[in-house]
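Novice: One structure is given below, represented as structure tokens, and several questions about it will come after.
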Amino acid sequence: MCLPRRAALGLLPLLLLLPPAPEAAKKPTPCQRCRGLVDKFNQGLVDTAKKNFGGGNTAWEEKTLSKYKSSEIRLLEILEGLCESSDFECNQMLEAQEEHLEAWWLQLKNEYPDLFEWFCVKTLKVCCSPGTYGPDCLACQGGSQRPCSGNGHCSGDGSRQGDGSCRCHVGYQGPLCTDCMDGYFSSLRNETHSVCTVRTGSGSYTPCRLSLGCWRGMGHAWIRNTHTQPGYSSRVWIAASPACDESCKTCSGPTNRDCGECEVGWVLDEGACVDVDECAAETPPCSAAQFCKNANGSYTCEECDSSCVGCTGEGPGNCKECIPGYAREHGQCADVDECSLAEKACVRKNENCYNTPGSYVCVCPDGFEETEDACVPPAEAEATEEESLTQLPGHEDL
């Protein structure tokens with residue numbers, strides 16, 4: 001049915017008032033899906049850290065196979081928890097890449113301990129290492145260690161997308177985000193860092209950029225004197241303003257008591273901006289497999305020692321608990337030599353025991369024949385075989 005022209009025009013204002021149709025949810029990129037799978041795998045490692053074989057003859061399994069820590073049973077438990085049954089894309093990716101994950105677990109994890117780097121970056125090639133971008137994982141502007149001088153975001157950082165250009169944070173500009181925008185002054189600038197601070201409304205702080213003939217040093221911003229006076233050169237540097245303290249977002253002076261507003265990671269306490277110790281928070285900011293190190297205005301999460309199940313600091317001496325196969329010795333988690341224990345770890349006759357980090361293996365000597373309950377020397381094995389042949393029924397008995 002065709003509406004009359006007037007009726008159609010009358011509906012136009014109503015159509016304009018209708019809310020826009022919601023945008024379809026953006027599908028995760030291949031890199032995001034891969035990173036999500038790795039994050040869930042790493043969480044599975046934490047969740048299964050204290051578990052052992054789920055059933056059957058556990059003692060036999062631990063002695064005949066490897067310990068649970070590196071067992072296929074543990075891998076299966078982790079894989080089963082990676083995807084929700086309704087997450088089709090996750091399950092599809094897991095099914096396609098399960099052999100890669102199994103190969104890493106059984107053969108490559110000691111050589112390549114970072115699963116994300118090996119799986120997503122080097123094997124599937126759907127992601128890049130942090131600080132790199134694009135199909136060939138080139139270094140971002142400013143270098144991969146501090147892209148965009150730490151003052152911006154690199155387009156495509158960590159993915160196979162983008163062009164590596166910098167999107168500067170507020171207050172910064174330039175190809176490498178090292179220059180300050182109007183209304184901001186440089187409170188620090190050297191070969192590796194550039195910090196721009198917003199000036200206060202009083203106007204006592206001069207925006208400072210090298211491009212404007214300004215540099216900072218000895219606690220001050222220095223600018224060229226553009227005023228000519230009899231007997232004085234116009235190329236004289238004069239102290240324009242002191243630099244803000246690192247704890248200040250805005251300031252009226254050089255100390256942490258002169259802040260108009262505290263920087264992120266700092267809090268006002270008795271008139272001064274002081275560092276927030278994020279590591280002392282009731283809910284720790286780091287994962288169960290990491291420990292927290294406080295820094296001025298921030299913190300870092302460091303990986304626990306490989307012998308730890310949770311830790312409070314660096315090294316095996318700061319473990320909360322030891323992983324299976326390790327025990328406390330002289331105040332730190334050390335490998336248990338199962339082969340030297342009073343109770344024999346390898347119980348079959350003639351069997352050799354070899355200690356490994358966190359575990360052990362039982363192996364028959366070269367030339368010995370392996371049976372369920374013994375390692376049989378070659379001579380005995382031949383004698384047993386001949387004896388069994390002589391005991392075969394004769395033709396007459398058949």
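Cβ atoms here come from the backbone N, Cα and C positions, even for glycine.
Unlike curated entries, TrEMBL annotations are predicted automatically.
Under the heading signal peptide, TrEMBL lists 1-24. For 136-178, 335-376, the entry in TrEMBL reads domain 'EGF-like'. Residues annotated as disulfide bond in TrEMBL: Cys168-Cys177. Here TrEMBL flags 379-398 as region 'Disordered'.
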Novice: Residues of the same chain, at least six outside the domain 'EGF-like' (136-178), with any C-beta under 8 angstroms of its C-beta?
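Specialist: For the domain 'EGF-like' (136-178), the list is 29, 31, 121, 125-130, 184, 189, 192-194, 196-198.
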Novice: With DSSP as the reference, give the number of residues of the domain 'EGF-like' (335-376) in helix, strand and coil.
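Specialist: Helix (H, G, I), strand (E, B), coil: 3 helix, 17 strand, 22 coil.
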Novice: What are the DSSP helix/strand/coil residue counts across the domain 'EGF-like' (136-178)?
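Specialist: Across the domain 'EGF-like' (136-178), the residues distribute as 4 helix, 11 strand, 28 coil.
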Novice: List nothing but the one residue from Cys168, Cys177 whose Cβ has the fewest other Cβ atoms within 10 Å; the candidates are the disulfide-bonded residues.
Specialist: Cys168
